[in-house]
Amino acid sequence: MKGSSSKARLGNDGNLVISSSSNGGNIISWQSFDHPTNAYLPGAKNGYYNKITKKGQIITSWRNSEDPSEGIYSVRLDPDNSLSFLWNRSRVYYNSGVWNGHNFNDINEMLWESGYPFLNEYNYTSNENEMYFTYSHSDDSLPHFLYMDSFGQLKTMIWDSIDQNWRDFWSRPMKRCTYDVCGSYGYCNEFQPGSPICQCLPGFEKRNTRDWDLPDYSGGCVRKTSLQCSNKDRFLKMPSIKLSQIVPSANVFTVDSSKKCELACLQKCSCSAYAYYTNSSINSSNSIWCLLWHGDLLNIELVDVDANDLYIRLGSSMRPNTGTIVGVVLCGTTILLGIAFFFLSKWLRRRSTRMPEVEERYAFLTAFRFKDLKTATNNFSNKLGSGGFGSVFKGTLSDSTAIAVKTLEGFSQDQKQFRSEVSTIGLIQHVNLVRLRGFCSEGRKIMLVYDLMPNGSLDKYLVHQNNSRILTWQQRYQIATGVARGLAYLHEECRECIIHCDIKPENILLDAEFTPKVADFGLAKLLGREFSRVLTTMRGTIGYLAPEWTSGVAITAKADVYSYGKMLFEIISGRRNLKRSTNGKVCFFPTWAARKVISEGQPVLSILDNNLEGMANIEELTRAFRVACWCIQEEETQRPLMGQIVQILEGLLEVNPPPLNMYLHAMVEDEETANFFSE
């Protein structure tokens, strides 16, 4: 066209713009911001969705580090204002939660207040025509961007100017074992440092060795020996498998013996594996659930808790080396996290303007000097509380930030190990967890510094005294649900499973809006054996401990579930779990309440706090009561997972009426045993 010219310009923001000028005007004909590939960039309208045409942007991973063609993982912004993560653009394997005005619900690292001030605040636009989110750099010397990697994780990458390299800051999902990351007949194991995250099941081999070396595991594995499709085929037991990941693709029915489950698989040539289990908290009968998988096995993950056995079908001539099977794997701190901590802490130490009370920075934590914490707490004069591990004091930093300082008494761990462990705890961020701000470690002076919660701990609202505030049913239900979300995050969403071990009302803190926040998580790992010794002798804690604490068996996340159930009874009733009457008899409330409702058929309102005068949502009250009863079952296999509890309380999962726990019933009948729980 006469009088016009076209030009292309690549800006510092990464946007390639093709424009034409005509008659003094400048018209953009194309820009890369409108056609993203695998990244969300600062300044762009990320996740753009047109509400009129019902079409939106999707970013898709590379196939692998050397092949930029489309991979199998993608992200899109959905009409409900959440990010959905897709496998093969069809199956949603993760959701970010909806935009709440500050961040996507499950990505707390996006919050300006979350302890990462060098990242800018995210903004979200949603009107009658469109929706998208934007972000920009708060510090041009620290560029960062979001991208979908070839393993299905959305990551924030930060430039490390010291090492001249990109480092990942946060990722979602947090687990590297995303959906089908290891392909067919491959299994994922992220809890064994030093070994590949993906391996082939016994009896299988890599489909394409070169791809695996890249690494690109999506091609999966193939059988070394074909099936004979006869009764001569064999089954190999593969322990420690997370069945919940692959149950949706299984054919599920009940049988009266495990042998019949095996025979059912043998009779169908397409059956590649089977599993069986019983779970009376989901199924009210005692039948055995049989699960059969047909065709290729996908999305297999090795775990160390809540695992099951999977029986893999192999050809009759196949004699696999069962010694290669990995058993129960211990939760541990990963090497990659340590590397990330190291580089980010180096950067922060070089760039930060130190506050008077700051000694140095460890990743996202502040290492405080003892003398400055002494000043902040006015010589530790305002005690908020005390327990078996030390006391908690109120303090104020020089910038007027209110803090709570927890002293750890009798602590003898190696200083280097302590700082490593506390740095790991400092990375854990969730709206229902108390944020760890920093620590002090000077000789025997060991302290943890937390955000101060203005409304204190939950226990002071449960047993009503003079002028104490009465929580409404809505507040109680929100507190119960929030605590469950926090524990589910610790158990199921952290890179390593974190068992709290001391869930009780005193460890549930309330912010200005009465949002519950679980305190003291990570102390069990930090203190080691000393934690167990103190815990099992501490007044006010014993009444919440699961039976396995005194039986000598291994402690799992189900111990937290038990403690949560005991606390949930107190939230419902406004009463402590046990009370000694004037004649010396022990009244154990959970058993009394369960017997009254389950055995005697009394309405669930009969156990509600009298101060509420019956003002409660009956459906929510019934859910909470049933959850509490299931949580305190003697057999931990009968207790639900915290993730299931969240779904039940949110109304997404039904729960059957629970049985009466005869173990607790016996505790009440035997006064000597009942005294074990007395305060």
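Backbone N, Cα and C define each Cβ position, glycine as well.
Note that TrEMBL annotation is computational and uncurated.
Per TrEMBL, the features are as follows:
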DOMAIN    173-210  domain 'EGF-like'
DOMAIN    229-315  domain 'Apple'
TRANSMEM  325-345  transmembrane segment
DOMAIN    378-653  domain 'Protein kinase'
BINDING   Lys406  ATP binding site
Across the domain 'Protein kinase' (378-653), what does the mean pLDDT come to, as a whole number?
81
Residue counts (helix, strand, coil, in that order) that DSSP gives for the domain 'Apple' (229-315):
15 helix, 37 strand, 35 coil
DSSP on the domain 'EGF-like' (173-210): how many residues come out helix, how many strand, how many coil?
2 helix, 9 strand, 27 coil
Going by DSSP, give the three-state secondary structure for Lys406 (ATP binding site).
strand
